[in-house]
Amino acid sequence: MVLNKLFMQRFARNQRTNLKYLRLLFNDHFIVFLMIAIGGLLLAYRQLFVTQQSDEFWHQLWWALFNTLWLVIGLNMGHLVTYFKPADRLFLLGSDQLIIKKYLNYSVILSCSYAFLWQIIFMATIIPIFWKIYNGDMTRLALLAGFIMTYKWLSLLGERDSLLIKTRQSFNSWLMTHPMMNISIFRFSIPVIMIAIILLLSIQWLLVLTVSWLLVAVIIAKMFFISQGMAAKIGIDWHKANLQAQKHEQRVLHFYAMFANVPHQPKTIKRRRYLDYVVFKLAKHRSVMYRLYITRLARDVEILPLVLRLIAVGAIMVYALQAAPSWLIAIVGALTVYLVVFQMLPLYDETQKNMWTRLLPIDIRAKQKAFRLLSGQLMALATIIMIIASIIHGLQAVGMTIISLAVIIVFLNNIYIPRQFSNKKSNQK
């Protein structure tokens with residue numbers, strides 16, 4: 001195995017895995033929902049600029065606060081990508097110098113590419129607001145972009161440095177053993193202060209700040225630089241390296257799980273004690289299968305957050321479509337209810353695949369009836385929230401929303417869900 005090519009081999013393998021998940025994520029339902037969501041948000045964004053606003057509105061302090069917090073959120077996107085595996089601790093033993101100089105350099109370059117893409121996306125979304133506030137001040141925008149990119153680069157170098165064993169403990173190593181201090185100082189406080197200063201300071205002082213920041217950045221980068229001689233004297237902390245790689249992989253899977261059910265992944269459950277009372281009340285005087293379904297839903301770490309997130313996004317979109325026609329508002333509400341049911345179906349599949357569930361002396365129709373009851377309750381919850389969100393648009397929008405929701409609920413209950421049950425039954429045969 002050529003160690004120099006190891007990172008690129010793992011990168012290619014990881015991209016193939018990501019393509020599989022992306023095909024799963026960008027199914028027909030998600031693409032339609034995404035197109036409507038983007039269209040609705042663009043309409044709401046456009047409405048903000050079309051409406052005549054005074055100069056005082058754009059120069060209020062809370063705009064600077066919003067821009068600062070938004071960019072800080074973007075700065076926290078993108079981490080060091082290493083693709084380390086637990087077995088590397090054994091199979092790459094004695095190759096620390098080559099890994100530090102070659103493998104981790106590729107890792108930093110790739111991580112910077114991903115991280116810079118995130119920063120560009122977050123900055124691009126607020127450029128129209130920035131243009132309105134600062135009247136097209138490109139100098140300030142360029143300085144802001146320069147700070148964000150260099151700060152993210154230094155953060156990734158710091159992450160790489162934390163994976164190394166050095167003869168003398170550095171301040172960065174101490175920070176990594178105190179994660180709350182690291183988050184509060186370097187992931188929040190310093191970016192907030194610096195971005196706020198760039199947004200609020202006059203252009204003359206900004207040039208002084210830029211020179212000062214460049215000097216600081218060069219000094220910090222020199223601290224993180226690893227020469228050939230230094231690489232021979234330090235090693236890799238494989239425990240930290242493997243833990244960091246596992247956390248990164250879990251973040252990626254969790255991102256996919258935010259929008260779709262990720263198959264072939266170990267299922268984890270989490271008891272949410274604040275939902276115990278709700279489960280008890282809803283399951284009272286209900287069948288055993290209903291109790292099983294609702295308990296699994298309440299403790300599932302993927303399906304329940306995904307369903308609630310869909311309802312929340314749908315409600316926000318319905319509320320934000322102030323300049324949109326009533327039929328578009330009704331379609332968004334109906335599509336949200338449909339996606340809620342679509343994302344609930346894996347709960348039925350996973351329950352049926354369990355051996356103990358199949359051994360229960362309960363007729364298959366009773367199991368399906370219990371699931372339809374639970375999905376009906378979630379549809380009712382989503383329907384109520386969509387109607388409340390549409391009230392701001394007037395009686396016509398509310399009426400069309402109610403009609404579209406009634407039609408989609410009848411379709412889901414009488415055609416879609418029974419057909420899904422039939423398809424799954426035929427596949428099992």
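The backbone N, Cα and C atoms fix where each Cβ goes, and this holds for glycine too.
Among the features that TrEMBL reports, transmembrane segment is placed at 21-45 (among others).
Per TrEMBL, the feature transmembrane segment maps to 61-82 (among others).
Residues of the same chain lying 6 or more positions beyond the ends of the transmembrane segment (103-129) and with a Cβ under 8 Å from any Cβ of it are 3, 6-8, 11, 45, 49, 63, 67, 70-71, 73-75, 77-83, 141, 144-145, 148-149, 152-153, 156-157, 159-160, 163. According to TrEMBL, the transmembrane segment annotation covers 103-129 (among others).
Long-range contacts of the transmembrane segment (141-158) within the same chain: residues 71, 74-75, 78-80, 108, 111-112, 115-116, 119, 123, 127, 130, 134, 172, 186-187, 190-191, 194-195, 198-199, 206, 209-210, 213-214, 217, 220-221, 224, each at least 6 residues beyond the stretch ends and with a Cβ under 8 Å from a Cβ of the stretch. Annotated transmembrane segment per TrEMBL: 141-158 (among others), in sequence order.
The transmembrane segment annotation in TrEMBL covers 179-199 (among others).
Residues or ranges marked as transmembrane segment by TrEMBL: 205-225 (among others). Within the same chain, residues 139-140, 143, 146-147, 150, 153-154, 157-158, 160-161, 170, 194, 197-198 sit at least 6 positions outside the transmembrane segment (205-225) and bring their C-beta atoms closer than 8 Å to a C-beta of that stretch.
The transmembrane segment annotation in TrEMBL covers 301-321 (among others).
According to TrEMBL, the feature transmembrane segment maps to 327-349 (among others).
Marked as transmembrane segment by TrEMBL: 370-392 (among others).
Per TrEMBL, the feature transmembrane segment maps to 398-417 (among others).
Counting Cβ pairs under 8 Å to the transmembrane segment (301-321), the stretch among 61-82, 327-349, 370-392, 398-417 with the most such contacts is 327-349.
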